[in-house]
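Per Swiss-Prot, these features apply:
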type: DOMAIN; residues: 121-153; note: domain 'LisH'
type: DOMAIN; residues: 159-216; note: domain 'CTLH'
type: MOD_RES; residues: T28; note: phosphothreonine
type: REGION; residues: 1-124; note: region 'Extracellular and involved in cell to cell contact'
type: SITE; residues: C314; note: site 'Essential for ubiquitin ligase activity'
type: ZN_FING; residues: 314-381; note: zinc finger
Amino acid sequence: MAVQESAAQLSMTLKVQEYPTLKVPYETLNKRFRAAQKNIDRETSHVTMVVAELEKTLSGCPAVDSVVSLLDGVVEKLSVLKRKAVESIQAEDESAKLCKRRIEHLKEHSSDQPAAASVWKRKRMDRMMVEHLLRCGYYNTAVKLARQSGIEDLVNIEMFLTAKEVEESLERRETATCLAWCHDNKSRLRKMKSCLEFSLRIQEFIELIRQNKRLDAVRHARKHFSQAEGSQLDEVRQAMGMLAFPPDTHISPYKDLLDPARWRMLIQQFRYDNYRLHQLGNNSVFTLTLQAGLSAIKTPQCYKEDGSSKSPDCPVCSRSLNKLAQPLPMAHCANSRLVCKISGDVMNENNPPMMLPNGYVYGYNSLLSIRQDDKVVCPRTKEVFHFSQAEKVYIM
């Protein structure tokens, strides 16, 4: 029974925390497989065409030179097919080995050796930190941490570095790199109903207007917006209205379209689609884990205005995490536990809660430890009471 519960907990942990660890390399493998299939099918069709042409030529009385030329063409196409097949298989093999490496790493979680389990947990923490740093844009720090911890094969650095190139190009107000990324992932972006490529084409149109290249803008619109429909058609109509206004217009909505802040919106849109493409959440696993941990121990006592009930051992009570945990829900506790303010021990039948005349409750063992001459001093109010005045508290 315990083994089944442990397996169930591990399965839940993998689904919640380790999903990106396996999903990203799997999606990469899937993408490379589809690309390899297309490349091999295309090159095979080329070989088939030149072979058919050779057979057609041989059915007559061809000259030797023409046959040699056709044979050279067949050899060339076969060489290209072989090269493309080898490259595709190598790329697939790399992705498959990466998936296997990560699966083997996750299996180490159930090790019976405490030392091995401790090392695995440390690596998991490092992996979370690397991903969080990558999301925050600290690429060099993330790469150094991954290299130092020996987890380069266990984190999705390549995906984030590719995203970095795209984002940097958008910051330079260039669309070519992002459009190339859209082309590489065209089929999946279409299934996601992504509007990123359309937004990029709109921005290119806006930049042509900004440069006062209106004829080029019209040609651009005819080329890329002829198939627009629905909400996209409304955006096209709005953008086309810019042709009648100067680049420095103060009339809305054309002033808003010319706002350079649109490039920042494109970066945000790219990030959103990139995460969706790899089935990642908008927040890092580190952020989600930290929030879950803070919420699990957050109580109303952590936010008392006088600060008298705050515990130095409570992470939520600390200054650095108190504000971060403020919007999070309180801990769910089906059965309450009373904790002594003096010792931090749980008050139960072996350490019954005792109430002083001023209404403050402490554990019996703690009152014994601070009793002097049959008197106790309340740590909160500094009032002095006889030990016999403390009354046992009963919880219904």
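Every residue, even glycine, has its Cβ placed from backbone N, Cα and C.
For T28 (phosphothreonine), the same-chain residues 6+ apart in sequence whose C-beta sits under 8 angstroms from its C-beta are S95, L98, M159. Same-chain residues at least 6 positions away in sequence with a Cβ under 8 Å from that of C314 (site 'Essential for ubiquitin ligase activity') are, in sequence order, I297, C302.
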